[in-house]
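Peer 1: The structure's right below; bear with me while I get my questions together.
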Amino acid sequence: FSVYTKGQKLWIILLVSFAATFSGFASNIYFPSIPSIASDLSSSIELINLTVTGYLIFQGLSPALWGAISDTYGRRITYICTFIVFIAACVGLAETRSYAQLLVLRCLQSTGSASTIAIGAGVVGDVTTREERGSFMGYFQAGLLLPVALGPLIGGALADSLGWRSIFWFLTIYATAFLLVLVALLPETLRSLVGNGSVAPPKYAVSLFSAWSIKHNGEPEDSSVTPAKRVNVLGSITILTERRPLSAIMFVGLFYMVWQMVVTVLSSVFQATYNMSDLQVGLVYLANGIGCMVGTLTTGSLLDVDYRRCKKRFARLESNFPLEKVRLRMIYIYGPLQCIAVLVFSWVVDKHIHVSVPIICLFFVGWAATSIQSIVSTFLVDLYPDRSASATAALNIVRCLLGAGGTAAVSPAVRAIGIGWAFTI
């Protein structure tokens, strides 16, 4: 139960969804300019791709720290700290003059931006119930996937017109402006601080939104207040040792790895195969992004419908509710869909077939990949409602480390045996 109205929940999730766009923007806005950055810094494409690998490694590791802090001290204070780190890294990247600086600052940028997804998932868990969580998680995922569609387009346009450094100045200005909005309007939602929203937050966690829109009637001992926890940076690792979530996390990690390999190699392969500019490559990425948004919105609604139907059926049977089966069974649809789309994509590019065919394949790759992530993310928040940020961080650790390995290997593999055989293997 939560005191927030549906409209207030939508507003809160809109804010945290926009906050999570910075992880996607920082990653995807970068892809079309990889060849330009390599040329400007006198580095190879393979070395610049390693900055993507470094970004993914820290994208996987940093939420373990920030997620634990968020689950203990609150969502707002953690957001503020992560945005400060992100903004500082963006300023440094805009002024970088060497490959070493680029690599280090990309890792720092990832440390600041990546955790916005885990914290946002924690907020969704704070303010929603299981019956409605699939749809709200879908809205959250759709917003954070917006940069998957628009990031490469913006990055390509900026790199073509103002140079690749303008990408990081854009991120600096965007992040600074949004941080001011977030501080003013996002209420504290952590249940160990505010319960179901009826308990007044600590003074450092008060926002204009909570002061104007939410009636705080609860006392500190209110039954909706969950026990406070100590910061446990190993909490995400502990989740990975538990049997129930591990197989689902490993499954989504492998499919995420393949997806990241596709989007990483896309710019260099399309420029070489179809003679495209940075802006044209950015437009190609739109297909992947639109597929991502369609997938997460449709899957979220389907998850809610399926959950309510199964809950009624098992209530009549008076048997234990099989959370794993209900939440995860649609994976058997989207897993094969992604495999088929990736295989077709790689071979049509390998054979230089008309560009429209791989673009259509990219739509289905994005649709399937994000549907799988949405399904598993919702399952983890259901499984760990009081540690939702840490549970999402556990997912990030696996998928981003696997993604880092995949992006490090994909360019050498494509160069050695061709894109068709590389993705078939």
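Glycine is no exception: its Cβ is also placed from the backbone N, Cα and C atoms.
Annotated domain 'Major facilitator superfamily (MFS) profile' per TrEMBL: 12-425, in sequence order. Sequence annotations record features per position, and here TrEMBL assigns transmembrane segment to 12-31, 47-69, 76-94, 100-124, 136-155, 167-186, 248-270, 282-303, 331-349, 355-381.
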Peer 1: Using a Cβ cut-off of under 8 Å, list the residues of the same chain at least 6 residues beyond the transmembrane segment (282-303) that approach it.
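Peer 2: Residues packing against the transmembrane segment (282-303) from afar: 28, 31-32, 134-139, 141-142, 145-157, 262-263, 266, 270, 276, 327, 330, 334, 355, 359-360, 362-371, 373-375, 378.
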Peer 1: Cβ under 8 Å to the transmembrane segment (248-270), counting only same-chain residues 6 or more beyond its ends: which ones?
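Peer 2: Residues 28, 31-32, 34-35, 45, 49, 52, 56, 240, 276, 278, 280-281, 284-285, 288, 324, 328, 331, 335, 338, 342, 345, 349, 355, 362, 365-366, 368-369, 372-373, 376, 379-380, 394-395, 398-403, 405-407, 409-411, 414, 419, 423.
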Peer 1: Quick check: do the transmembrane segment (167-186) and the transmembrane segment (100-124) share at least 3 Cβ pairs under 8 Å, counting only pairs 6+ apart in sequence?
Peer 2: no
Peer 1: Between the transmembrane segment (136-155) and the transmembrane segment (355-381), are there at least three Cβ pairs closer than 8 Å, leaving out pairs fewer than 6 positions apart?
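Peer 2: These two segments touch.
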Peer 1: Which whole-number mean pLDDT does the model give the domain 'Major facilitator superfamily (MFS) profile' (12-425)?
Peer 2: 82
